[in-house]
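> Below you'll find the structure I mean.
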Amino acid sequence: MDMMLLVQGACCSNQWLAAVLLSLCCLLPSCLPAGQSVDFPWAAVDNMMVRKGDTAVLRCYLEDGASKGAWLNRSSIIFAGGDKWSVDPRVSISTLNKRDYSLQIQNVDVTDDGPYTCSVQTQHTPRTMQVHLTVQVPPKIYDISNDMTVNEGTNVTLTCLATGKPEPSISWRHISPSAKPFENGQYLDIYGITRDQAGEYECSAENDVSFPDVRKVKVVVNFAPTIQEIKSGTVTPGRSGLIRCEGAGVPPPAFEWYKGEKKLFNGQQGIIIQNFSTRSILTVTNVTQEHFGNYTCVAANKLGTTNASLPLNPPSTAQYGITGSADVLFSCWYLVLTLSSFTSIFYLKNAILQ
């Protein structure tokens, strides 16, 4: 009661600033004796959420032109009436009209988060309004696993850490047609990784404040080479012939060719060898009898070696369209001779009749 009389006396003597400070002191727990509190009528509490970087306007209104106001942030005085106590250039008082005493904070940051109190000193009793400002922060991935190369069968852990307010949720996605969804979380564990699980993994952090933050990790899976196919086309003496060997492996395998036990080299005896990352083509520019035989394609990388063989044989009677046993061949020639005989008799008959 003595405090209220002192405040009113200060107001009556036009020392309103002292009155405001005394009323603010009543709002601060540090100014009160232990175990005591002061409850003001017409007090209100509001919550306000603002995205980081935006402008926050904390509303407060004076009852009439004679009343005075003040703004506090925790125990720090920001404004007392029209006097600015804060050195922060981002804060100001809104002056849309005589009753408006709203606090404006430009380019809000996480350090602005917290409670704010507007105290209005009238001729009768002080009125307070409290606003809790929550600064929302868009998600930001600040740490993610580097691109990596591992061997098939290895256990792999991918890491994706992000900040934001509210705390962002983390989700993973394997960028591939046959991808399966993963459980959400900062860490993605892949046990016994296979070659099909190689590729890019996308980490997405989102909290509905702004667009998700997305980063990617590339995972290369090494595996020993395999030969998927080896085949040749029709081989005719005097013409070109080729054998194609299709393989796979990471790192890409190196290809070699052998005829029997003998290694073949590019340019040797009319042989051309073309090697690609997943294919090797052996071409014989002018096939002769000595080129026929068994050819072996060998694919090797640092994880292993594999091979496949294919015989290169001379053309058979099949290429002329006549196949079968001796009896079948005899029947075919008998049919041709019989048709020839009938044709000769027909022409002889016509000659006699004429």
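A Cβ is built for glycine as well, from the same backbone N, Cα and C atoms used for every other residue.
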> Tell me which of CYS160, CYS297 Swiss-Prot records as disulfide-bonded to CYS245.
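According to Swiss-Prot, the disulfide partner of CYS245 among CYS160, CYS297 is CYS297.
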> Going by Swiss-Prot, which one of CYS60, CYS203 is joined to CYS160 by a disulfide bond?
CYS203
> CYS60 has a disulfide partner in Swiss-Prot; which of CYS11, CYS118 is it?
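Partner cysteine, according to Swiss-Prot: CYS118.
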> Quick one: Cα separation, ASN155 (N-linked glycosylation site) versus TYR187 (phosphotyrosine), in Å?
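Cα to Cα, ASN155 (N-linked glycosylation site) and TYR187 (phosphotyrosine) are separated by 13 Å.
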> On the DSSP side of things, how many residues of the domain 'Ig-like C2-type 3' (225-313) fall into helix, strand and coil, could you say?
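Going by DSSP assignments, the domain 'Ig-like C2-type 3' (225-313) contains 6 helix, 55 strand, 28 coil.
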> Counting by DSSP secondary structure, give me helix, strand and coil numbers for the domain 'Ig-like C2-type 2' (139-221).
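Result for the domain 'Ig-like C2-type 2' (139-221), in helix, strand, coil order: 3 helix, 47 strand, 33 coil.
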> Please report the Cα separation of ASN275 (N-linked glycosylation site) and CYS203 (disulfide bond) in Å, rounded to an integer.
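It is 37 Å, counting Cα to Cα.
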